[in-house]
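Participant: The structure that follows is given in the form of C-alpha cells.
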C-alpha cells in the first residue's frame with residue numbers, strides 16, 4: 001500500500017499569470033454594461049433606467065451594435081449544425097430520446113439515421129420493431145443538430161458515416177462555454193487517440209481506429225480489448241482535459257495537444273496535483289500565446 005504525504009505549498013494565485021485571457025470584460029448580475037442608449041439588448045441583458053444591465057454572470061460580447069452576455073456556466077443551447085455527443089435515455093415510437101446536456105431531451109428520429117449497410121429506402125414497420133437493436137438505453141452516440149424547435153428542444157440526425165454509436169472510450173462532461181467552435185470537432189491526435197469535442201460540453205476520447213467499417217452504418221461498436229498503451233494515452237488526455245477545464249481554458253485540438261505534451265514529464269496520476277497543474281498550465285498557455293503572436 002502506497003502512502004503519500006503532501007504539505008501545503010506557498011504559490012502565487014494563477015490569476016496573476018493569466019495573460020491575455022484576463023482582459024475579458026466579466027460581469028455579474030446587476031452590473032451596468034453601458035449607459036449608451038444606442039446599443040441593442042441581447043441575451044443575458046436587460047434595460048433599466050436607460051442603462052444596459054447584465055442579468056447573468058459571464059463575459060460581455062459585442063457584435064456591431066448588439067451587446068450580449070455569454071454565461072460562464074450554462075446548459076447547452078442548440079444551434080443548427082452543431083456536433084454533439086449524447087446518451088440514449090428512452091426508445092419511443094419512431095424516435096429515440098437523447099440526453100445532450102440541454103434543458104430538454106433531444107430527439108433522434110428513425111428517419112434521420114442511416115440504416116445498417118447504408119440502405120436508402122423508406123423506414124418500414126420491421127425497422128421500427130428493430131429500433132432497440134440499433135440503439136438502446138445507455139448507448140452513446142455522436143450526431144449533428146438538424147433543427148431547433150421553438151421550445152429549445154433539439155432534433156438530431158446521424159446521416160453520415162462519421163456519426164453513430166460510440167464504442168470504447170472515456171466521456172468527460174464540461175461546460176459548453178469552454179468548447180471552442182471550429183470547422184471540425186472530430187480530431188485524430190498524433191499521440192494515438194482521437195477526440196470528439198461536442199458543442200454540448202460532452203468530450204469523447206477514444207483510441208484512433210485503424211480502419212472504419214463503412215458497411216456497419218455507424219451502429220456496430222468495436223468491443224475488442226484496448227491495448228494498455230492506448231488506455232494510458234486516453235487516461236492522460238482525460239486528465240489534461242480536466243486540467244484545462246479547472247483552469248477555465250478553452251478546449252480545442254491545439255490546447256489539448258499542447259497540454260498533453262507538457263504533461264509527458266509527469267505520471268498520469270500526478271497531473272491533477274495543484275503544483276503540477278500550475279506548471280503544465282503555464283507551459284501550455286505560453287505555447288498558445290507564442291502561436292498566436
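Note: Cβ is positioned from N, Cα and C throughout, glycine not excepted.
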Participant: Would you mind telling me which of 1-20, 21-40 Swiss-Prot tags as region 'Disordered'?
Facilitator: 1-20
Participant: Counting across all protein chains shown, how many other Cβ atoms sit within 10 Å of the Cβ of residue 124 (phosphoserine)?
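Facilitator: Taking every protein chain into account, the count is 9.
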Participant: Residue counts in helix (H, G, I), strand (E, B) and coil for the domain 'S1 motif' (79-159), per DSSP?
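Facilitator: Tallying H, G and I as helix, E and B as strand, the rest coil: 9 helix, 38 strand, 34 coil.
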